[in-house]
């Protein structure tokens, strides 16, 4: 298994890329979600922005807005933040994507992989490839990453909370605020039970049962999918808002933040954004004391917006002729992504679909998770999804001039030989808990729609590589445990075909060392992919203060995962949503206390 396991690792992305043609719900069913407009009357298209409809300004020269808070980014942290602040103050929430409520690919668990592979302009996710050669995705929808993730909900550890300097009492009030609205106890799927039993068999103990808490051993956590497989994203938290004080604009792409630079320190005064028709608008802050612009655009979007607005490394900004508002060499630096390696385990029968439910939290710096099952037809393995399709994606390491139609057809013919057993089974995932390898993002252009150049430098730190090897060894033991050998019995012919396929599979764009089949270290490097938990770029103490104010700038904060030096818990969405609620309460307490003279 020391050789077989890592070889099988090469299967993940091809299978995910082939795992795409779930039948979307018919339009008649999706239309049931049209009632969202009644629940969220404050959500409007960006083109509706006008002084008469929102007490704000439209276009240069119009009457200035009167918003106490302008939040740039309606994502996992931005939605609970906006809902909380709107209880007492006027809030404008600007989201570059659309709404998730009528989108069947977002709303239903069975369509999870379609959103990740969709490259159309209306997609909820935006595909990008880091300079490391790893496929990745960035959310582009109200609710952010909570609309395109696997739904797993697990809190950060108590040590993480302490290290972050958060008030533990308020943290323990903010998590339940989220949980009561959108989190569920999952029905544990057979595959997840097998993983649970296998983890315990190989020593990842004790068994902690169902818990949101981050504790060593094996557990199963919460999910934002209900018992019908319907997603409850962070966008649903907006139902807790004061509808009289919250204005949400979708398809509102913020171009930059505007500053008053006449004082000793620059002061944020408003934002410029484009609507879905390409028209430009301006929104301004109230002049009342305490009013702020809060950037909540994620680990890529937040440093990007700061730099486009003139806050960042002076030399980099000047190269693109961006007027420098504040020289800060740390903006966009210290980016990290949690490396992921996997084993695909085939079964001799279909398995029930499950995303992440069970997790093994080890003391070796790695988390073990699992997913299973998918509903695809034989024809679906030939579908095309642009750069991430099986036809094109698998040829990505071939020079474009050699990527001929003939080469594509050869690949498609070879793919027909893959047994259907290859598309039955599940994945065992090993995620590095706290990677020490770091990278950066840098602007490619002054166009906000251009994803910046992103580098994570996977495994550049030797400790990360050591942890990866430890994780693969745990996964190998897990697959060999009696619970899996009893569950997955796969005949030799099918296994041989899987292994033959894995030799040719390209799960990323990293050059392979196919001759080195016994080095687990090399397999870690060759088969690394992402689990979409990247973070950093606006670190506390370097870009923002401990209360997330941008250093040496008035009326500007950053509240999202770009401020994290490590990803919280096994999966970050719980803590990101909690952070939005937590900071909303903190800001309200601070402002209201000041107004009362406390």
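The backbone N, Cα and C atoms fix where each Cβ goes, and this holds for glycine too.
These numbers come from a predicted model, not from an experiment.
According to TrEMBL:
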{"type": "SIGNAL", "residues": "1-30", "note": "signal peptide"}
{"type": "BINDING", "residues": "95, 96, 254, 532, 533, 561, 572, 573", "note": "FAD binding site"}
{"type": "DOMAIN", "residues": "298-312", "note": "domain 'Glucose-methanol-choline oxidoreductase N-terminal'"}
{"type": "DISULFID", "residues": "468-524", "note": "disulfide bond"}
Item to check | residue 96 (FAD binding site) versus residue 524 (disulfide bond) - Cα distance in angstrom | outcome: 35
Item to check | Long-range neighbours of the domain 'Glucose-methanol-choline oxidoreductase N-terminal' (298-312), counting only residues six or more past its ends (CB under 8 A) | outcome: 72-73, 75, 138-139, 144-145, 254-259, 322-328, 331-332, 335, 441, 443, 446, 448, 451-452, 454, 534-538, 543, 550, 553, 558, 560-562, 564
Checklist outcome for this item: Between the C-alpha atoms of residue 572 (FAD binding site) and residue 468 (disulfide bond), the distance in angstrom, to the nearest integer, is 20
Checklist outcome for this item: Quick note, residue 96 (FAD binding site): same-chain residues at least 6 apart with CB under 8 Å of its CB -> 73, 140, 251, 252, 253, 254
Checklist entry - 95, 468, 524, 561: which of these recorded positions has the highest Cβ count within 10 Å of its own Cβ? => result 95
Item to check | Cβ atoms near residue 573 (FAD binding site) (within 10 Å, other residues, all chains) | outcome: 26
Checklist entry - What residues, ordered by sequence, lie under 8 A Cβ-to-Cβ from residue 532 (FAD binding site) and sit at least six positions away in the same chain? => result 136, 137, 145, 148, 149
Next on the checklist: I want to check the contact list for residue 533 (FAD binding site): same chain, sequence separation of six or more, C-beta distance under 8 angstroms. What comes out?
Outcome noted: 337, 338, 431, 567, 571, 572
Checklist outcome for this item: For residue 254 (FAD binding site), the number of neighbouring Cβ atoms whose distance to its own Cβ is within 10 Å equals 24
